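This report concerns only the one structure given below.
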Amino acid sequence: MTTSSWISRLLLHRNECFASFSATLCIFMVVCCVAWSSPALPKLLNQPNPQVSITPGDGSWIASIQAISGIFGLILAGLIVDRFGRKWPFIASALPVIAGWTMIALARTALLLYIARFLFGISYGMAYGIISIYIGEITADEVRGAAASLITVLAKLAILFEYSVGPYVSFETLTWLSMVGPVLFLLTFVWMPESPHYLLGRGRIAEARRSLQWLRRTSAVEEELNCTRKSIERTVSERGSMRELFLPAYRNNLIIVLVLTFGMQMAGIQAVLVYAQTIFSQISSDLTDAQMSIVLGVVQMVTVSFPVFLVDRVGRRPLLLWSSAGSCIGLLLVSIYFSLQAAGVNVESLGWVSFVGLLFFVISYAFGMATVPFAIMSEIFPKNIRAHANALFGILSGVTIFAVLKLFQIALDNVGAYLPFWVFTVSIGLTFGFVFLFIPETKGKSLDEVQEIIAGWRRKRDPSKAVYVD
């Protein structure tokens with residue numbers, strides 16, 4: 001596809017693209033809350049007379065508590081999204097962020113920082129629990145992929161924003177500047193339409209028609225409305241339960257989910273992003289820790305879109321193998337550097353090696369581990385229980401991220417940076433081995449074929465339990 005035809009297609013679907021962009025500003029809003037800790041914690045821990053005096057232990061709670069409350073936000077989104085719609089719960093997700101930034105700006109004790117970070121997590125879980133549903137329901141097939149990719153792009157833009165601005169302004173100024181996220185989101189999204197899919201499901205046909213006409217920029221939407229209505233009826237009749245996830249027929253599917261969940265999070269990507277400036281402060285380099293953080297943010301921003309174009313061309317399995325292998329190599333360089341540093345070896349001239357290793361890890365991780373597991377998740381479970389599988393994935397991810405972020409600071413203070421990085425290196429190495437041995441290629445396969453491949457794996461392991469999944 002030529003650039004001109006691609007631009008023409010976007011212009012044709014400009015209302016859908018604008019609604020999608022406005023919605024993904026919510027992702028910018030909540031990821032700013034995550035990335036804030038990288039420039040903010042060093043200000044509180046290292047600068048004289050900080051606004052809030054905290055200990056390293058306090059810092060670990062400030063960094064990690066958001067991961068736990070994110071689980072509650074995800075559950076809350078699942079409970080209200082079909083009752084109150086997509087739009088207004090989405091808008092409501094900005095309220096805890098506004099309250100949280102206000103608390104941080106006025107805080108004089110660590111308790112208020114804990115509460116604010118807890119509120120951030122609720123918004124984070126709600127935002128990620130709703131965004132893919134909303135974009136999937138408002139966009140046409142021709143632009144759905146591009147619109148969904150905005151989720152990752154805006155997330156990386158938020159990280160770059162906090163990394164670039166945070167080190168050069170005061171703690172309080174950074175807090176108020178971070179309020180730009182909810183402000184932009186609310187000013188634009190409040191004018192966007194409700195999902196026509198939701199309105200049809202509630203029997204509000206006239207409103208669904210107006211919504212779809214605005215999105216498609218045409219009055220000829222009856223055929224799509226009828227197709228959507230039939231799809232809703234079919235989905236309701238086929239709806240499954242969380243209990244079905246644990247049936248023997250889906251045991252292998254669950255194993256894949258568990259390994260990919262722990263593989264993604266135990267690689268330590270969240271620790272690197274949340275503690276970026278703290279980590280870089282321990283690396284000898286001509287660049288300052290703030291400058292290295294900015295380079296990291298730029299690298300993420302540049303590489304973020306490549307997996308979107310590669311996953312359906314190269315395949316899931318090769319991307320996962322390359323990504324986990326590259327991540328392991330990058331983490332290995334960092335682990336060796338910090339081990340030599342802890343052993344008293346003069347590594348001042350080798351700081352660039354660990355910095356390059358971290359960049360190589362982030363790039364490699366982005367090319368597969370950051371995105372491909374979600375594609376696999378959407379394929380290995382039948383449609384009627386896919387939402388429950390995604391919920392399980394979100395809960396397990398939240399618990400693992402909390403443990404990684406909490407224990408990282410403790411290990412950093414009491415043992416040294418080499419310990420968590422060796423754990424990350426071994427974890428991603430084991431993930432590579434599991435992917436190599438057990439993850440099948442699903443590129444170009446129908447959902448039914450994918451189910452048969454997973455069932456076939458089970459038959460090979462235990463021929464007496466040959467089960468095909470319909």
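Glycine is treated like the rest: Cβ placed from N, Cα and C.
Because the structure is a prediction, the values reported are computed rather than measured.
If you look up TrEMBL, you'll see 1-443 marked as domain 'Major facilitator superfamily (MFS) profile'. Feature annotation from TrEMBL assigns transmembrane segment to 21-41, 61-81, 88-107, 113-136, 143-161, 173-192, 254-280, 292-312, 319-340, 352-377, 389-412, 418-439.
Through the fold, the transmembrane segment (418-439) approaches residues 255-256, 259-260, 262-263, 266-268, 271, 316-317, 320-321, 324-325, 327-328, 331-332, 334-335, 338-339, 341-342, 369, 376, 407-408, 411-412, 457 of its own chain, all at least 6 residues removed from its boundaries and within a Cβ separation under 8 Å. Outside the transmembrane segment (352-377) by six or more residues, the chain places 152, 256-257, 260-261, 263-264, 267, 269, 272, 279-280, 283, 285, 287, 292, 295-296, 299-300, 303-304, 306-308, 310-311, 316, 319-327, 329-334, 337-338, 386, 389-390, 393, 428, 431, 439, 442 with a CB less than 8 A from a CB of the stretch. The stretches the transmembrane segment (61-81) and the transmembrane segment (389-412) are in mutual contact, each linked to the other by at least three Cβ pairs under 8 Å (pairs 6 or more apart in sequence).
Same-chain residues lying 6 or more positions outside the transmembrane segment (389-412) and placing a CB less than 8 Å from one of its CB atoms are 56-57, 59-61, 63-65, 67-68, 70-71, 74-75, 78, 125, 128-129, 242, 245, 253, 257-258, 261-262, 264-266, 268, 270-271, 274-275, 278, 377, 381, 419-420. Across the residues of the domain 'Major facilitator superfamily (MFS) profile' (1-443), the predicted structure has a mean pLDDT of 85.
For the transmembrane segment (113-136), same-chain residues at least 6 beyond its ends with a Cβ under 8 Å from one of its own Cβ atoms are 20, 23-24, 26-27, 29-31, 33-34, 52, 54, 58, 61-62, 65-78, 81, 86-87, 89-90, 92-97, 99-101, 103-104, 107, 144, 147-148, 150-151, 195, 394, 398. Note on the transmembrane segment (88-107): residues 23, 26, 29-30, 33, 51-52, 73, 77, 80-81, 113, 115-117, 119-120, 122-123, 126-127, 130-131, 134, 172, 175-176, 178-179, 181-182, 185-186, 189-190 of its chain, located 6 or more positions outside it, place their CB under 8 angstroms from a CB of the stretch. With a threshold of 8 Å between CB atoms, the same-chain residues lying at least 6 positions outside the transmembrane segment (254-280) that come near it are 34-35, 37-39, 41-42, 63, 67, 159, 163, 167, 245-246, 289-290, 292-293, 296, 324, 327, 331, 355, 358, 361-362, 365, 369-370, 373, 376-377, 380, 389, 392-393, 396-397, 400-401, 404-405, 408-409, 412, 417, 420-421, 423-424, 427-428, 430-431, 434-435, 438-439, 454.
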